[in-house]
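All remarks here apply to the structure that follows.
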């Protein structure tokens, strides 16, 4: 099997890291060889696989020894549940420098040190928030990741983020092979959520690859720094992640997305009752003017 490189994007706080690690645990359980590369300065992309608070990052270790050239692969790569290989890029202190540079430096280091030559089936990049700036777009800009999955929900801001990320994919698809593999709905239990994300996926020219229901067992597993797959392999939520993993294994629908205009997106949100039609008659009016009317 040719190694598949996938990047997971989505709004900050949507559950990307949790979804990615549970998905990866399910792939490992299926016998797939997987590596996770955390592309977020928080360095929380591997904690459930490693049962750790946060893995030491490539950028932290490079600062300690002098430069990234002084590091060895075994210094930065840890093995976790199901023999999953884990690396965290890290970044500078908050307010200092560009964290995206850390992603670029880390991925280049892993490539040069042969981390990708280990007979891998999948590499997953867990990428910071909905930022598609130069550094964080690096996994797609440099043709590292060729498959993008966007984690979203039926909440308005999560859908805005999915649309913005799709715009970024279009930009880089013109010069490379990057494609959108689908939307993963990480449910927030909003009204008609699955229908809404299916409709959004249709607008974007893609698919909702799986609807992950909300279940408190995810939080119970997280408190123990474990994936649901490892914590309670017999529960229904573990089966949801297995289904997601199988759908990604079988996925052949990878597209250049067709992002919505803001008007189209707002029309969709109004159609599903997420957003009310704007009352244009009140725009620009002061309280005094409204009271006088």
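Any Cβ shown, glycine's included, is placed from N, Cα and C.
Note that the coordinates shown come from a computational prediction; the quantities given were computed from them, not determined experimentally.
Quick look at what Swiss-Prot lists:
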type    : residues                       : note
BINDING : 10, 11, 12, 13, 14, 15, 16, 17 : ATP binding site
BINDING : 98, 133                        : [4Fe-4S] cluster binding site
MOD_RES : 101                            : ADP-ribosylarginine
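Taking the C-alpha positions, the distance from residue 11 (ATP binding site) to the residue listed as 'ADP-ribosylarginine' comes to 20 Å. When the binding-site residues 10, 12, 13, 15 are compared by the number of other C-beta atoms lying within 10 angstroms of their own C-beta, 13 comes out lowest.
The recorded positions under consideration are 11, 14, 16, 17, 101. Their Cβ neighbour counts within 10 Å are lowest for 101. In the three-state DSSP classification, residue 17 (ATP binding site) falls within a helix. Distance between Cα atoms for residue 14 (ATP binding site) and the residue listed as 'ADP-ribosylarginine': 24 Å, as a whole number. Secondary structure at residue 12 (ATP binding site), as computed by DSSP, is coil.
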